[in-house]
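Peer 1: The structure under discussion is supplied below as structure tokens; questions concerning it will follow.
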Amino acid sequence: MEKKRGGIIWNGLLALQRNIMFYFSLIIAVSITIGAMLRYVFKTNLYGMEEIISIFAFWLYFVGGAYGAFEDSHIKADVVSSFVTNQKLQSTLIAFSTGVTAFFCFVGIYLAWGMLSFSFLRGTQTPVWRIPLWVPQGSVFLGFVLMAFYFSIHFKDHFKKAKEIYMGRI
Amino acid sequence: AKKMRIRMAGQSSVDHQATIHQKEFAETIGQATDGRIEIRVYPANQLGDYTQVYEEVVKGSIEMALISVPSQFDQRLELTYFPYLLENYEQVKEAYAPGGFLYDILEGLHDNLGVKLLGFNIEGFGGFGTTKPAEDPANPDVKKTVLIRVPPMDVFKLSTEAMGFPTVSIPYAETYTALQTGVCEGWTGGPPVLTWLNYRDVIKYYYQYNCYLETESWLINKDFWNKLSAEDQKLFLDTAQVLQLKSVAVSEKEDKEYLTKLKDFGMEVTTFSSEELATVAAKVREVAWPKLEKRVSPEIMSKLREQYQ
Amino acid sequence: MLLTAILLLVITLIIGLPVPFAFFTSALWIIAAGFYNPDFLFTHGYNSIGSIVLLAIPLFIMAGGLMERGNIAESLINLIDLFVGRIKGGLGAVAVVACAVFGSITGSSSATLTCIGSIMFPRLKETGYPLGYTAALLASASVLGILIPPSTLMILFSWVGGQSVLACFLATLIPGIILTTMMALYNIWVLRNNDNLVVSEKLNAEQFKKAFAQRTYHAFPALLMPIFILGGIYGGFVTPTEAAAVSAVYAIPIGFWVYKGLTMKNFKEVIVESATTTGVIMIMLFSVMMLSRLYIMEDLPTKILNLLQSVTSSKFGILLMLNIFMIIMGMLMDDCSATMLCTPILLPIAIKVGVHPIHFAAILGVNIGMGNITPPTAPLLYLAGRLNGARVDQSLKPTLQLLLFCWLPALLLTTYVPFLSLALPRLLLGIK
Ligand code: NA
Ligand code: NA
């Protein structure tokens with residue numbers, strides 16, 4: 001990040017994401033291990049457990065993906081930063097591609113909302129425990145909301161930087 | 001008239017009868033309408049697995065499908081996987097034909113969800129494929145030690161346990177590997193043809209329990225259906241029915257043919273007399289069915305019971 | 001339309017859109033140009049990544065991270081050093097072999113690189129190895145993390161292609177061992193005239209025996225891991241997903257109390273880091289699945305096959321072109337994205353021209369694994385640079401040499417000698 005951002009909400013949100021990532025990872029690893037041991041000892045498993053694990057997994061995936069957006073660590077072809085040496089061109093391209101990314105996150109919010117509201121209205125459920133499907137699918141929606149938020153902020157920063165380069169301040 | 005394009009999703013492999021019937025369906029419709037209706041078949045889960053395809057048929061982003069029926073919208077649809085619903089092909093011809101009791105119940109359930117049922121593709125009576133022999137397989141009261149993989153659904157778990165087998169739920173994608181290494185020692189549900197196509201390299205024993213009837217359903221989005229002319233609708237229904245009857249014949253033939261193939265391949269195949277099957281079926285109906293009542297609703301359960309009075 | 005979609009994909013990748021969003025852009029273009037209703041896109045992505053089989057990937061990443069922070073690799077390296085450390089250029093060879101051994105524990109190449117790299121880079125620098133060269137060598141060797149089983153890449157391939165995970169794991173094993181040997185030998189050959197290198201002291205038989213006993217003892221808990229993981233999987237105790245979970249759980253007490261590298265603080269850090277990596281990969285899978293669904297609906301595989309067959313009809317020639325196609329993909333994207341995009345498109349073509357799917361698994365593994373070090377998208381090369389401080393232009397030339405002298409020959413061998421990839425699956429699994 002260009003500069004440190006503060007505030008209870010900003011930091012609290014990040015801490016919440018880190019905690020979800022930490023505990024959900026452990027829950028998944030430990031419960032799969034226990035499941036495997038139970039099968040070995042009792043010749044049966046925790047029936048329907050994979051259904052519950054996969055809900056934790058979805059939340060882990062999308063909260064993690066959003067955290068990757070905050071860190072700006074999504075995989076990129078590093079052509080611009082490694083091979084473009086012209087400062088103006090480089091900063092323009094970075095600002096542009098971040099802006100496009102943020103835009104597509106908003107498109108993603110729209111599509112995720114479509115999926116979520118469909119499950120909600122139709123009352124779709126998982127096969128064993130009949131858990132509503134909006135529970136895992138909410139992660140997709142929230143993931144895109146957070147990604148849109150973080151990429152928009154990155155865009156603002158990169159845009160400012162590009163502007164300053166053009167104005168000759170950097 | 002305007003040219004119409006239909007995407008039809010499927011789940012079976014390219015050489016399976018279901019896919020062949022899908023292509024026949026597309027061809028028949030194409031010829032009968034002089035190419036006015038063009039159906040493109042996407043077999044082998046190309047457009048996603050049956051859970052997703054069903055959802056898309058509901059939404060209309062896939063117009064047609066021949067798939068197994070998932071239960072995320074309505075758990076009563078698990079009826080299609082009910083153990084020992086029927087025991088032989090004579091009953092199948094009747095119950096699954098339009099007007100038959102299963103057809104009627106299922107048609108109503110799909111209709112609630114915005115899906116029109118056109119018919120079924122019947123794909124054989126299922127049994128158990130295992131990697132080690134089962135103890136006294138004809139007697140459901142004998143506790144067996146062969147660990148059977150079941151899909152994560154109550155119908156499969158409860159009925160397999162009623163037959164005396166311990167179960168473990170493993171996702172379908174991991175089943176082959178699990179059988180290969182011994183994480184599980186058998187799987188339930190597949191008719192001889194599926195056992196041959198997918199599992200012949202890992203399975204050593206096959207038990208023809210006839211516990212499930214493998215079926216896929218011909219489904220079409222209801223809004224799309226309502227836009228078809230009455231003639232086209234009739235054409236679709238008739239074509240599905242012709243293929244349904246054909247599929248019964250094919251299944252009957254394939255059940256025998258592939259059992260022989262499995263034997264010739266070196267597998268130990270066990271078949272049961274109708275009395276033996278009746279004992280196992282009675283046990284499953286007695287033990288597993290009551291527990292499944294909450295899944296399929298008391299109304300449907302009483303309709304099922306009527307069939308066995 | 002398809003051509004525009006592919007062009008759009010390439011352009012967005014080059015101007016620096018994150019890979020998932022480049023896929024997303026291309027997918028939305030097809031949606032718009034083909035008048036599709038976009039409603040199904042997210043449903044498809046969501047359903048695709050819901051498979052429990054895929055959970056093996058985050059768990060292997062997590063296990064790798066824990067082992068890295070837990071100092072598990074150090075003991076392995078010390079043991080290997082005992083055998084190859086005393087020849088000139090031996091330390092480079094130690095690094096290569098260490099990557100291979102570590103590869104049998106972890107399923108990911110970046111975990112291999114951070115783990116082995118963080119220990120070997122300082123040592124290599126001390127002994128006088130050129131920075132750019134070591135970055136290139138370790139980036140290249142860390143690909144062994146996905147060629148020696150377990151392998152996240154092969155999990156992806158088997159999942160998309162409907163093949164046995166176990167067979168796919170075995171398919172890349174011999175090519176992986178060949179590459180290990182080639183890179184170790186190449187390293188010694190390149191450095192044969194470099195007089196700056198320091199070589200570790202010779203030990204007499206008595207000292208050697210003592211050191212061997214000591215170092216083996218110390219490495220024992222780490223050496224147990226591949227036995228746990230691979231023995232567990234092939235012995236039928238656990239599924240690959242469970243093996244990944246077990247190895248992550250096993251690494252926790254080992255890292256805390258045996259190797260004492262883990263503390264409460266870095267424990268939480270490393271889990272959050274691996275969860276971020278997981279999230280980043282899964283968002284990518286989510287979007288690539290949407291794109292490949294559209295490619296299938298637009299019948300891209302058939303179109304590519306027709307194009308290829310218009311150029312040549314021989315199996316030999318088509319395989320060559322599939323390789324070139326994958327090399328280009330590997331230049332543009334990371335290994336997971338490239339696997340997800342190439343498998344549904346190229347596997348049907350390979351099968352149609354008579355290539356065994358498990359043989360193709362190995363071809364794809366070596367080719368796309370190599371993609372990790374082919375610029376412009378060369379995540380491992382950049383990661384290596386970040387770890388040891390080499391600039392991209394310093395490591396570029398040695399990377400190209402490694403590609404030319406090790407990777408291309410290995411790729412050709414894997415492609416045109418099916419025996420290398422099929423022998424083990426046939427022997428151990430009875431694959432026909
Ligand atoms: Na590995
Ligand atoms: Na690359």
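Quick reminder: no glycine exception, Cβ is built from N, Cα and C everywhere.
Since this is a predicted model, take the numbers as computed values, not measurements.
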Peer 1: In TrEMBL, which of C:133-158, C:367-392 is tagged transmembrane segment?
Peer 2: C:133-158
Peer 1: I'd like to know if the transmembrane segment (C:217-237) touches the transmembrane segment (C:91-121) in this structure, counting it as a touch only when three or more C-beta pairs sit under 8 Å and are separated by 6 or more positions.
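Peer 2: Yes, the transmembrane segment (C:91-121) and the transmembrane segment (C:217-237) are in contact.
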Peer 1: I'd like to know the mean pLDDT over the domain 'TRAP C4-dicarboxylate transport system permease DctM subunit' (C:7-418).
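Peer 2: Across the domain 'TRAP C4-dicarboxylate transport system permease DctM subunit' (C:7-418), the average pLDDT comes out at 88.
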Peer 1: Taking contact to mean 3 or more CB pairs closer than 8 A (sequence separation of 6 or more), are the transmembrane segment (C:243-259) and the transmembrane segment (C:271-296) in contact?
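Peer 2: No; fewer than 3 Cβ pairs under 8 Å.
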Peer 1: Should anything in the same chain at least six residues away from the transmembrane segment (C:164-186) have a Cβ under 8 Å from its Cβ atoms, list it; otherwise answer none.
Peer 2: 53, 84, 92-93, 96-97, 99-100, 103, 137, 140-141, 143-144, 146-151, 154-155, 157-158, 233-234, 240, 358-359, 361-362, 365-366, 369, 402, 405-407, 409-410, 413-414, 420-425, 428-429, 431
